Amino acid sequence: MFARSAARSLATPARNFSSSAARQSKVTVLGAGGGIGQPLSLLLKLNPYVTELSLYDIRGAPGVAADVSHVDTKSEVHGYPADKLDQALEGTDVVVIPAGVPRKPGMTRDDLFNTNASIVRDLAAAIARVAPKAKVLVISNPVNSTVPIVSAVFEKAGVYDPAHIFGVTTLDVVRAQRFLAGVAGTDPKDTPVTVVGGHSGATIVPLLSQTPHGKGVTGEVYKKLVHRIQFGGDEVVQAKDGAGSATLSMAYAGARFTGDLLRAINGEKGVVTPTFVKSPLFADQGIDFFSSNVELGPNGVAKIHPLGQLSKEEEELLAACLPELKKNIEKGKKFVQQS
Ligand code: NAI
């Protein structure tokens, strides 16, 4: 499922869903001038389901828009400076948010909370006001808290539809696929992995036992692989040595998830991918946001899949994930309550 969708969702519609049959989709990127925003905007320009691409940032978006607009695909591109947020959002169907500060070496994603929480809250308030029916895809970290923040802002504004708000955890899936393929000696496209939980360290839970290539991985190799999937982002942060975190692989992952959603919005059935959403799976434990496989549809979330059978090791990973995830979610909710 993921293997097929991976390559396709960036640029090419599925068979029987030609771009000429696609409905109009305006996609807005908030934070389009940044390390993720720029390559993400480029990749979205290549997606035939995107008819209008609206690029906003407090710095540099008109320049990025002028540049990307010369790429020879059909969509119209518009760039908006800091004081034109409402115009950027008008009539938009999908909003992707990579606005905010990235990590530096030694930082956790939670260390970004103080800066990014208010950026995301204020952007969410504008979306709730100008484009309340838009699907909102949150990339800004800490995703475990920023998705509850966007949801709480929409709730406060009286326009909350849980089916419309997504935390983009696709980079964890991309890494799991790539790293498992390296261990198993396979092609990543034939090595899909479901990753559940949240999007930070111990909250990232790869379900390797559910894949043909993953279930044979045991012992030290298994432990190292899980650690690399959970903390792969640190490799990039360290290698960039203060210049930021993953931007190019994240742009790919963001474009892949946006592409999946656009295919589903345009009527394709059976588009299933992990994403962090309002979820009933652990709500009885006070954890009402969770990432698991989600079937996407024209209205966003169509069906939340259960986790399926877990190995003993995965049960342990999940037990470590849940308390941390709960704290992250509560922190986000509290922030909006106190705002
Ligand atoms: P960056 O610093 O290169 O770019 C961020 C952009 O956001 C800048 O252009 C900045 O001007 C803009 N910005 C700041 N405040 C804004 C506002 N109020 N409205 C609009 N734009 C605003 O950072 P980068 O590397 O692009 O990362 C962005 C975010 O994505 C960070 O929070 C980072 O932690 C997160 N991230 C998430 C990942 C995921 O898997 N979900 C993976 C990697 C990064």
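Glycine is treated like the rest: Cβ placed from N, Cα and C.
Heads up, TrEMBL stuff is auto-annotated, nobody curated it.
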- Item | Same NAD(+) site per TrEMBL - residue from N114, N116, N266 joining G31, A32, G33, G34, G35, I36, G37, D57, I139, S140, N141, M250 | N116
- Here are some recorded positions: R103, R109, R175, H199. Which one has the most Cβ atoms within 10 Å of its Cβ? H199
- Message: If the criterion is a C-beta within less than 6 angstroms of any ligand 1 atom, which of the binding-site residues G33, N116, R175, M250 pass it? List them in sequence order.
- Response: G33, N116, M250
- Message: Considering Cα atoms only, can you say which of R103, R109, N141, R175 is the nearest neighbour of N116 (NAD(+) binding site) among these binding-site residues?
- Response: N141
- Query: Relative to the Cα of G31 (NAD(+) binding site), which of the recorded positions R103, R109, N141, R175, H199 has the closest Cα?
  - Reply: N141
